[in-house]
Amino acid sequence: MGTKPTEQVSWGLYSGYDEEAYSVGPLPELCYKADVQAFSRAFQPSVSLMVAVLGLAGNGLVLATHLAARRTTRSPTSVHLLQLALADLLLALTLPFAAAGALQGWNLGSTTCRAISGLYSASFHAGFLFLACISADRYVAIARALPAGQRPSTPSRAHLVSVFVWLLSLFLALPALLFSRDGPREGQRRCRLIFPESLTQTVKGASAVAQVVLGFALPLGVMAACYALLGRTLLAARGPERRRALRVVVALVVAFVVLQLPYSLALLLDTADLLAARERSCSSSKRKDLALLVTGGLTLVRCSLNPVLYAFLGLRFRRDLRRLLQGGGCSPKPNPRGRCPRRLRLSSCSAPTETHSLSWDN
């Protein structure tokens, strides 16, 4: 009698874990979650479509600008910014599938479910890991104030780090790649992560811990440490570049605290409950579901804001973007005198040299 009990809600079709996948035992009371499901059906498609449009436009422009610049050498930060834009672009590509699945169910089969789920998970974790890489690059360039030639991170090493980040992200996405499938739920087909019954609770818990520690806690710690050290350095520095660099750091920290930290904490608490096999009351379970939904939506907004926070704030990127929009740009062949043609002189054609300074573009 009444409404049929519904599954535990998590963000999107691919993030979080289905109640059947991570079941730690029945709730102490029969729990009806029709109100949570109704909120999810309205909230998830709206956020997914908004982030998809903004993320595709912003990150697509970042990629186009970086590629159009045609530089033979790039700074480590530029390499990681390019990879961050790629990860966020791939993530944005999966969101229309999430919106459609939330509205009308999943009708693309289990193979597509696994592919889209894996792409979502890999790109989501890669984006967070590349944010940590950029934070470390900025610390080396600004806080330690080393010239480009003396920094431990070089473009070639940055490429190796990028390969490692993508491999780690694929590893973290293995559960989604292997165990996602479509199945009936509440009268509709759903793309969900469902572990086989043969897997023990320990294996499921280990998978969750690996994702939380490697995909969230580690980059979270790196970013927090680097930005704290950067803030201390910039507060003690003098000169006209200090205020601008400090504003950038403050903007990044505020965006991180508002958009990323709540979801990371909610996921940590949810994983702790999973490992402790705690039973929740119905009201507590609903609050947890709503927290994961809302904070998960906030962290997706991050991928559409990254181009503004990490690329558009850079002077070099804005110069490259201006040349791209004006249809200009350097010839791939260097000018014999090392100067720009007269018609492009005002576009600041030559790439700025990395120097010993507080500039955020280093």
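Count begins at 1; order follows the chain as displayed.
Placed from the backbone N, Cα and C atoms, the Cβ positions cover glycine too.
Sequence annotations record features per position, and here Swiss-Prot assigns topological domain 'Extracellular' to 1-48 (among others).
Within the chain, the transmembrane segment (49-69) has long-range Cβ neighbours (under 8 A, six or more residues past its boundaries) at 78, 81-82, 85-86, 88-89, 91-93, 95-96, 99, 300-301, 303-304, 306-308, 311, 317, 320-321, 323-324, 329, 351. The transmembrane segment annotation in Swiss-Prot covers 49-69 (among others).
As annotated by Swiss-Prot, topological domain 'Cytoplasmic' applies to 70-80 (among others), with the evidence given as sequence analysis.
Swiss-Prot lists 81-101 (among others) with the feature transmembrane segment. Listed by sequence, the residues of this chain that lie at least six past the ends of the transmembrane segment (81-101) yet keep a Cβ under 8 A from its Cβ atoms are 12-14, 44-45, 48-49, 51-52, 54-56, 59-60, 62-63, 66, 74, 108, 116, 119-120, 122-124, 126-127, 130-131, 134, 162, 165-166, 169, 190-191, 300, 303-304, 306-307, 310-311, 317.
Here Swiss-Prot flags 102-115 (among others) as topological domain 'Extracellular'. Among residues of the same chain six or more beyond the topological domain 'Extracellular' (102-115), those with a C-beta under 8 A of the stretch's C-beta atoms are 12-13, 40-41, 44-45, 48, 176-178, 180-182, 188-191.
Neighbour density for C191 (disulfide bond): within 10 A of its CB lie 28 other CB atoms from the protein chains shown. Residues or ranges marked as disulfide bond in Swiss-Prot: C113-C191.
Among the features that Swiss-Prot reports, transmembrane segment is placed at 116-136 (among others).
Among the features that Swiss-Prot reports, topological domain 'Cytoplasmic' is placed at 137-159 (among others), with the record citing sequence analysis.
Annotation comment: Swiss-Prot describes 160-180 (among others) as transmembrane segment.
The average pLDDT computed for the topological domain 'Extracellular' (181-208) is 79. Residues or ranges marked as topological domain 'Extracellular' by Swiss-Prot: 181-208 (among others).
Here Swiss-Prot flags 209-229 (among others) as transmembrane segment, drawing on sequence analysis.
Marked as topological domain 'Cytoplasmic' by Swiss-Prot: 230-247 (among others).
Look at Swiss-Prot and you will find 248-268 (among others) tagged as transmembrane segment. Within its own chain, the transmembrane segment (248-268) is flanked in space by residues 11, 128, 131, 212, 216-217, 220, 223, 227, 230-231, 234, 288, 291-292, 295-296, 298-299, 301-302, 305, 309-310, 313, 360, which lie at least six positions past its ends and keep a Cβ under 8 Å from the stretch.
Residues or ranges marked as topological domain 'Extracellular' by Swiss-Prot: 269-291 (among others).
The feature transmembrane segment is assigned by Swiss-Prot to 292-312 (among others).
Residues annotated as topological domain 'Cytoplasmic' in Swiss-Prot, with sequence analysis given as evidence: 313-362 (among others).
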DSSP helix/strand/coil residue counts for the topological domain 'Extracellular' (102-115):
10 helix, 0 strand, 4 coil
Using DSSP, would you call C191 (disulfide bond) helix, strand or coil?
strand
For C113 (disulfide bond), list the number of other Cβ atoms lying within 10 Å of its Cβ atom.
25
List the helix, strand and coil residue totals of the topological domain 'Extracellular' (269-291) as derived from DSSP.
18 helix, 0 strand, 5 coil
